[in-house]
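Peer 1: Checked TrEMBL, it gives:
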type	residues	note
TRANSMEM	7-26	transmembrane segment
DOMAIN	48-341	domain 'Glucose-methanol-choline oxidoreductase N-terminal'
BINDING	THR133, VAL265	FAD binding site
DOMAIN	462-603	domain 'Glucose-methanol-choline oxidoreductase C-terminal'
Amino acid sequence: MFVMVKYFSLAAFFVGLIGFLFYTNLCNFSNKFYAYIEDFYYELDKEYDYIVVGAGSAGSVIASRLSEDPNATVLVLEAGGFGCSLLDIPAIAPLLHGTIFDWQYKTIPQNYACEAFENKVSFWPMGKLIGGTGRLNNMMYTRGHPEDYKSWYTGLPDFDYHRDILTYFKKAENQAGIYLNDSEYHSSNGPLTANDLTFVSELYEAVVTTARDMGFPVRDINSQFSTGFSQPQVNVKSGSRFSTGHHLLQQYYRPNLRIKTFSYVEKIMFKGNFEAYGVKHRLFNKLYVTKARKAVILSAGVIGSPKLLMLSGIGDETHLKHVGIPPIKNLPVGNGLQDHISSGFDLILLDKLLSVSFYSLSSLINILQYFLQSRGPLTTVGCEALAILNTNCLNETIKYKDCETKYRKPDFELIFMPIGISTDHGIHFKNIINLRKDVWDEYFTKLSGSYPINILPIVLHPKSVGTVRLRDNIPSTTPIIDPNYLSDQSDLDILIKGIKFVKKFVEAPAFLNLGAKFNKIPFPGCTHLEFDSDEYWRCYVRQVSFTLYHPVGTCRMGQEDAGENVVDYEFKVIGMNKLFVADASVMPSLVSANINAAVVMLAEKAADIIKNYSRLSTGFCHVREIFFKLAICTVL
Ligand SMILES: Cc1cc2nc3c(=O)[nH]c(=O)nc-3n(C[C@H](O)[C@H](O)[C@H](O)COP(=O)(O)OP(=O)(O)OC[C@H]3O[C@@H](n4cnc5c(N)ncnc54)[C@H](O)[C@@H]3O)c2cc1C
């Protein structure tokens, strides 16, 4: 009987996958048709106050905030389409990887990591539609640690976390869950929904019971505490994903806001090589130049923004000349790339099926429950619990509270997922992570008959730093992405400590009740090493090095004169006028959390600054700004 259910579910999933791919193409086609008709019938203004490039997590917020002023005209140029509502079923997020809604970026082959992946290449999905990557991410809402932000603003001596950061987290948040009454740390008027999970499996209870037994706190990590164990809040409303892109679409009726989809921006236009006055963008193979009176704001993401700056002549002079672009400003664009790296696929095997499983996701009852009640396994985001900790606090001899005071900033995260890579029997997951076929055959197929789950340790503050560079001067060419994973040995050490902690964690009684066993099958490429030795895990981590999809830092924000920054603390491109960058690319370093909430917080901050900045820098002031700071300029 079970075998029949299994094969029926497999067949249902396979048919569903094909149906879904058909649906995505149909959706994109109808989106394109709408954009075509709109472009054909409406004569668009050729000049706006603001042009926002990219309607992703950050750009959607900036466009929405700037267009709150009815006297300001705002144009949003987005390379993708609007999307369709079925894409917003939380559990199907992984199906969007590799589709037309994904830029489908890939890293170059890694020297120190990703050995179990085809050509040692890591796949980097990024959203190409309204809502951007916030439309295909895992929706977890986490803010990070105050110390993260303090380290960004070392150049501002009067930096205050509550005033300069928490204010914007609250402004950005639309709390719809259990923290609705905590007005000190939460708020419910912002564009980004934060809600409780409505469905979890038995895994969650096992995690919190074990965490408490081991002396760890279980609490809201988006409050005065930023560490401990927690059930993540998610960007989900009435059972559907609700990203900042959805919020932007709700503002579509504003007469001063125009959202142009399928508009790929190829170049920023400059007056006198210092002042942005518009952009060149392509829509259905026609090139347009649209002007911006007050500012051009790049929110094209961690790859799109540095790429566009470089294509426009802003970047490392030597590199730009090498690819045939005349440089207009020498800035370290594309340096400082960091990403959260993790490891540990299918290391925990259960002897029972959890209620959030591959089978339950494709069951007819659960599909009906989702469409009729907006509840059930299809609302799952793939992660049921997380922990943000410091590796020094994993030792049982130290009380967590004392340890937390001593080591303020966390250095690793754990995410608890009720499914593994092999749960879908190789239909989809192995492809979206680019797993080598021989590794699949030799290792993962052996797990058939057991029920793997993933507890992934993540390096929160990797020391390995990489780059984004252009291949050539053609706008449609994908850039060279090299995160340089695990080039710093200390990142590897944290992952090894993390895996060892996971091994200990699942020995607890609550996990034994689920029949949890640590997977002792030697991993291909490491079979010559003694299982569980440090050498074995070092080898394993270099094989299984998996992105958590949080790249940042390619247009670093910081002090103007530090030499390593691209934008100043006001998001303005250093030495340029009327040109801003605000998205994940400006983060000077990774935060101790999944990063979307921080990206949206930054967008709120940027919108506030840009509104104010543009108010001050009208008239001829902007000319004087080249010689004087804005404050001096406005007095003159
Ligand atoms: C699979 C996955 C899972 C994730 N899960 C989580 C999670 O659970 N929680 C979390 O906090 N974070 C998560 N993240 C990370 C988070 O979603 C991103 O860091 C965040 O969305 C980045 O926002 P952004 O505004 O910088 O860029 P994006 O949201 O990527 O926006 C960039 C936009 O610009 C457009 N664009 C790019 N170039 C151009 C151009 N030349 N012209 C016009 N438009 C252009 C793009 O199409 C896109 O819409 C995840 C990421 C991924 C990939």
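Quick reminder: no glycine exception, Cβ is built from N, Cα and C everywhere.
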Peer 1: For the domain 'Glucose-methanol-choline oxidoreductase C-terminal' (462-603), how many residues does DSSP put in helix, in strand and in coil?
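Peer 2: Residue counts in helix, strand and coil order: 45 helix, 20 strand, 77 coil.
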Peer 1: Inside 10 Å of the Cβ of THR133 (FAD binding site), count up the other Cβ atoms and send me the figure.
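Peer 2: Taking every protein chain into account, the count is 29.
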Peer 1: Within 10 angstroms of the C-beta of VAL265 (FAD binding site), what count of other C-beta atoms is obtained when all protein chains are considered?
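Peer 2: I get 25 for this one.
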